[in-house]
Every structure is written in structure tokens, then in C-alpha cells.
Amino acid sequence: MNPSPRKRVALFTDGACLGNPGPGGWAALLRFNAHEKLLSGGEACTTNNRMELKAAIEGLKALKEPCEVDLYTDSHYLKKAFTEGWLEGWRKRGWRTAEGKPVKNRDLWEALLLAMAPHRVRFHFVKGHTGHPENERVDREARRQAQSQAKTPCPPQAPTLFHEEA
């Protein structure tokens, strides 16, 4: 007996940050046929890349069953990690970059891999701020979330004399 085919879902994601680091927000819009669900959140002190990853993670985690997911993002960082082999290379090198430095946002990359595991995900790049309706919608929501976090400024970064540990 053949298993039933997976449902095909569109996931539109965006992250925003007021300063980098600074207050940030993320948004994810899920669409299945005529049904939509908008998810969003924010953090007081984060980066734009962390918010891009968080949007994808939370969108995928909201799915109740394994799906075929078309993930639309305006983040080269997110898309190229999968489509250009960055993530595969980082993992082979023990979460190190080609230069031997620890991969930034490893915690979120690992969370994203877990969130993706039950699904078949295809990444699509959408150029930001070009009038793409869903991208504009998640961009507005991510910025709204970032602004709602702006009450708490990031603590100043203290200079350090030591190398980062893995």
C-alpha cells in the first residue's frame, strides 16, 4: 500500500533587525491551498541572520505532518547554506568555516536541520523589497516585531583578547 502523498505547503520567511546586533523580529507565513497561518516573534538583542533562521525554524515547526515545503526567502545566507553546500562543508569540518573559524549561529542551524528532517524542503530566493506580496507581508511583520523589541537596547560588546571557542 502506498503512503498518501505529502501535502504541498508554501512557507514565506523574513527576518529584520534594527542594528546588527539590535532588536530583531522574524515572520513566517504558511500557506496550504486557501489556508494561511502567520507566525512571528522577536528578540531584544539579536542579528538579522539569526532572525532569518528563526523564521524558517518556526515555520517548519508549525507543520503537523511531513510535507513538501517550498520555502521562499530573501536571505542569501539561508538559501545558499543549502543550495551551495555551505552547510554540508561546515558539518564535515566539525562546524568550522573554510577558514577554520567556528560557524556563527550553529545553534540555529542545528535547530533548522531538526525542523527540516520530517519534510522535503526546496529553497527559493525572492529578491526583497520588489513588491512580492508575501515577501512584503512577512517583511512588514518582522519589522513590526523588531520595533516592539526596541525598548531594550543591546548591552555594549566588550572587546576581547581571546579567540572564540567552538
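Positions of Cβ are set from backbone N, Cα and C atoms, glycine also.
The domain 'RNase H type-1' annotation in Swiss-Prot covers 5-147.
Under 8 Å, Cβ to Cβ, and six or more positions away along its own chain, D74 (Mg(2+) 1 binding site) finds D14, F125, V126, K127, G128, H129, N135, D139. Annotation comment: Swiss-Prot describes D14, E52, D74 as Mg(2+) 1 binding site.
Counted within 10 Å of its Cβ, the other Cβ atoms near D139 (Mg(2+) 2 binding site) come to 20, all protein chains included. Among the features that Swiss-Prot reports, Mg(2+) 2 binding site is placed at D14, D139.
The annotation region 'Disordered' is assigned in Swiss-Prot to 128-166.
Residues or ranges marked as compositional bias 'Basic and acidic residues' in Swiss-Prot: 131-144. When the compositional bias 'Basic and acidic residues' (131-144) is classified with DSSP, helix, strand and coil residues number 12 helix, 0 strand, 2 coil.
Contacts of E52 (Mg(2+) 1 binding site) defined by a Cβ separation under 8 A and a same-chain sequence distance of 6+ are given as T13, D14, G15, W26, T73, S75, Y77, L78, in order along the sequence. Panel annotation: around the compositional bias 'Basic and acidic residues' (131-144), residues 10, 12-16, 25-29, 31, 38, 40, 51, 55, 72, 74 of the same chain, lying at least six beyond its termini, place a Cβ under 8 Å from a Cβ of the stretch. Its own atom aside, the Cβ of D14 (Mg(2+) 1 binding site) has 31 Cβ atoms within 10 angstroms in the protein chains shown. A Cβ within 8 Å of the Cβ centre of D14, E52, D74, the residues given for Mg(2+) 1, is found for these other residues of the same chain: T13, G15, A16, M51, A55, T73, S75, L78, G128, N135, V138, D139, A142.
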